[in-house]
Every structure is written in C-alpha cells, then in structure tokens.
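Before any comments, here is the structure.
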Amino acid sequence: MPARSSGSSVRGASHTSVRIVGLALFAQFGLFGMIMSSWMSRIPSIREALDVTALQLGSMLIAGGIGSLLGAFIVGGFVARFGSRVILLAGIVGNTLGFGLLAASVLLPSQPLFLLGMALNGACGAFINVPININAAAYERQIGRTVLPQFHAAFSIGAAAGAFSASLFSAAGISAGAQVIVMTGAITLLRVLTLRASCQPTAQKARTATPQRTRGAFRSALAAWAEPRTIMLGVVLLAGSLSEGTAGTWLSLAVVDGYAQPEAIGAAVYATFLGAMTVFRITGVRLIDRFGRVWVLRISGAVVLVGVLLFIFGGTLPLAWSGVVLWGMGAALGVPIAIAAASDDPEHAGQRVAVVTSFSTIASLAAPPLLGLLVDQVGVLTSLLVVAAAAVISLSFSSAVRRSELSVVTTQTAPVRIAE
C-alpha cells in the first residue's frame, strides 16, 4: 500500500504491513480506554472499601491528575532521548504496577496505597498517551490521509467496553480489587503483544538518533513550552477536553436537574453524546482531508456552540437532546486535530505532544471544582455556558492547527511502501 514519506521514515517498517500497524495502534488506544474506564466504573465499590466520603474520594483522585501533569512535563524529553517504544513499555509496566497498588488498596484496604497507585497511574498514563499519539500521527503522515480521529474513536469504544465489563463483574459479585487484577493482567498482555507493531511508525527515527540529538532532548522538551504555536495548540486541546470532559461530568445531571427527567434519561442523553462523538470521529476524517484542519476546527467549534446553546436554552427535552447530538459531533475532532498539528514536525513531535496534552490534564484538574462552584451559584444548565466559551476560544485559535511548512514538504516526497 503506497504512502507518503515523512521525517519518520517508513523504511524501518518494511516487514510490517500497514494493516497490522494500524490494528496495533487501534488496539493500544482501545486498551487504554478500557483499562481507564473499567476501574472508574467501580468507584462506588472502591469508596465503600476505603470507607471514605465522596468528598474525601474526590480529593484522593486528584493524585492521579497531579501524577499525569508531572508525567506530561517530562515525557517529551524521555521520548526524544529513548524513543517511543521504550517509553511506551515503561508506561505499560508502570501502569501495571499502579493498578496492582490500586487492587491492593481495595483488598486490604489502604488509603495510602490508593494514593500511591493513583499518582503512579497518572504519571504512567502520560507515558502511554504521548507515545501512542505520536505514532498514530506518524502513521497518518505515512499513509497520506487523516486517521488520528479514528484512533481516538477506538479509545471511546474501549472505554465503553471497559464500563460494560465492569458492570458484568459487579453483577457477578466480583470485588473491585479482583476485577482490577483480572482486567489489568489481560490488558497488559495485549499491550505487550501489540507494542512492537504500534511503535513501528517512529522506529526508524529512534534507530537513527544521534548522541548529539538525544543529549539535547530535555532542553528541546523545555523549549517547546516557549513556542507560541505549541501553546496555542494546547489552548485548542484544553477547549476540546473541556467540552468533552464537562459532558462526562455534568450532562446527565443537567438533564435530571434542568429538565426534571429521571436518571435513566440522563444516562441515555450522555450515551447519545458519546455515540455522536465516536461515530463522527470515525466518519468525519474525510472532511479534514477535503477541507483542511482549520476549516474543520472552525466548523466544529461553531457546531459545539450551537449544540450547547440549544441544550441550555431549548426548553424542551427533544430540542435539548438534538443539541447534545450537535455537541457530540462538534467535540469529536478538536482534540485529534490539535494533536496531529503538534506532530507536524516528526523531530519534535514527542516534546510538543507532551506540552499540548498537559493542557488537557490541566482542564481535568481545574474544571470539576470550578464548574462545581458555578453549579452551586447559577445552576447546572447555566454553568454549561463555560463550554460555549470554550468553543469560542477554539474558534479564536483555529489558525494554529494549519499544517506547518515542514509537514507540507515532507508529505510531498516520493511515495514509499510500508510493506507488501
């Protein structure tokens, strides 16, 4: 299958088919979503085992966000220094240890072990998130068409599968600790089996790294924080993460409190949001190839804005529900577009992806308490105007996702083959 060459040469992938590489990356994203959602779905059982209040548990969960932020600060330099496969393997091993600590904290029980497991998982999550995204972006460049949003759809599909598996474990009366052990073991095995193929897109770059280049890796990682375009991409990613994350936290409650509906309807509305977002991540990639990142991001922001306003001010459940469909569609492509733009230069992709994804972590840390304060003051529906503001911010910074000159040059070189 022909593909365009990029700075991450595909020659190193001569013995691995395009399909296998794509499936391996799809699996890595899906497994990442599955392992994250499967244990989160057992939060009520975990809270009971640890004997803490909801407020105490919320405070303890912040340890994961802090670990993730610290991991995001350093992972770019490590990827540049050691290569994506080594760092992804380190993330997988650390994630396995972290979930082992979480399982032990529930079975013993032990609050300190829970905090340690959360912090370790947060840091190792960055060591998984950045390598799989830069390999997905490199794969996208090599095959010459947009596919990164489809890998993000795999994460959503994996998250849904993880939540469903957790419901089965719970219905069978299996403890949360035992579930974490079983799921972590199975997912770790699959991660290791797909590790080599999923990192093939950047394998050649790792093999040709010079000592001079690797010695400057951490300086380069710090320098990425001073790049205006990278920071603007981070703001775009923050806006996208805020839109997606706010729906996960508050949408069901907004339906229950704002439209006086039962909890089951609230859950169904949120499922509609996830479905619209996942489907459009799979089908919307052709729009990026046809119209370009900038226009698609602008349209996405406008669709989110219309959808959120329709949900807030629709007045009736059918109108609000239709607004949620638009909201989910608009939220689908912003995050993968920002990550793809940060990966335009293969030489500095790891550092820049680490920077922009840290903005997502900042959103996940800051948004819940800030929105909680707003909900108390103005109500849950009105508080969702924050998402509308995020859409406006995304529109304001949309020009930052335009392909860099280096990306344009490297995608116009002679076609090569990943494999036959």
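Heads up, the Cβ atoms here are built off N, Cα and C, so glycines get one too.
Bear in mind that TrEMBL entries carry predicted annotations, made automatically and left uncurated.
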220-238, 353-371 - the range that TrEMBL marks as transmembrane segment: 353-371
Spatial neighbours of the transmembrane segment (20-40) far in sequence, C-beta under 8 Å, 6+ residues away: 13, 46, 88, 95, 99, 102, 125, 128-129, 132, 135-136, 139, 147, 150-152, 154-163, 165-166, 176, 179-180, 183-184, 187, 190-191, 194-198, 200-201, 418
Two-stretch contact, the transmembrane segment (377-397) and the transmembrane segment (153-174), at least three Cβ pairs under 8 Å: no
Segment proximity, the transmembrane segment (263-283) to the transmembrane segment (319-341), 3 or more C-beta pairs under 8 Å: yes
Most Cβ pairs under 8 Å with the transmembrane segment (263-283), selected from 113-132, 153-174, 180-199, 295-313, 353-371: 153-174
